[in-house]
Amino acid sequence: MNTNAQNSWFKIVVVVLLLAMIGVFGYMMLKGKDTKIGVIKPAPDFKLENIDGKNVGLADLSGKAKLVYFFYSTCPDVCSPTTYTISKVQDALVKKGVFGDKTAIVSITFDPTKDTTEQLKEFSGRFHADPKGWYFLRGGEAEAMGLAEKFGVMVMKDKQGGTFTHNNVILLVDKKGDLRTYYNGSDADLDVEKVAQDMIQLSKE
């Protein structure tokens, strides 16, 4: 396949991803009208390496409501601002005394080549991530991308530039392991207090 054909194919995939994101956000807006958060589907299980060297899986976080976010630390645009937003959710949960015991946050990189353990430690430190309840996980690239797609997060790697195009969504998984809703990670007005309250609500179900 020549370079022009590759570029055309990549542009098509980007358009498809953008349309999928619009669909996801439209779904979120409809869900926002409900007071009770429904179940979308069981979340796929996983077992990935945390920055402390221990393997962490969805089953290990059973009994806790958790946010799941797919990212990569060298992302040129959305990942750092979204991680900052998530850090504000962490702060709200800490203030309410439920972080680590009843709620957790899981950030999964789909670029393990660049996101070494040391790189993830540095990245997590920028956002004052509390290791008691915020896990930064890495596995194989294909494994992480496949897991993201199972969660409903579409990912496409630009092999020429080494960047990734992906749905910038934050996922909410309940203590039983069911996927409950998506939040728009690119929403500058995302209500972090509401996200924290949603997590607390699910932790009590």
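Backbone N, Cα and C atoms are what each Cβ position is placed from, and that goes for glycine too.
Summarising the annotation, TrEMBL assigns transmembrane segment to 12-30.
Here TrEMBL flags 37-204 as domain 'Thioredoxin'.
If you look up TrEMBL, you'll see CYS75-CYS79 marked as disulfide bond. When Cβ atoms from all protein chains are considered, those within 10 Å of CYS79 (disulfide bond) total 23, not counting its own. The secondary structure of CYS79 (disulfide bond), as reduced to three states from DSSP, is helical.
Per TrEMBL, the feature Cu cation binding site maps to CYS75, CYS79, HIS166. Cβ contacts within 10 Å of HIS166 (Cu cation binding site), excluding its own Cβ and spanning all protein chains shown: 24.
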Remaining residues near the recorded Cu cation site, that is with C-beta within 8 Å of the centroid of the site residues CYS75, CYS79, HIS166: PHE70, PHE71, TYR72, ASP77, VAL78, THR82, PHE164, ASN168
Rounded inter-Cα distance in Å - CYS75 (disulfide bond), HIS166 (Cu cation binding site): 10
Rounded to the nearest Å - Cα separation of HIS166 (Cu cation binding site) and CYS79 (disulfide bond): 10
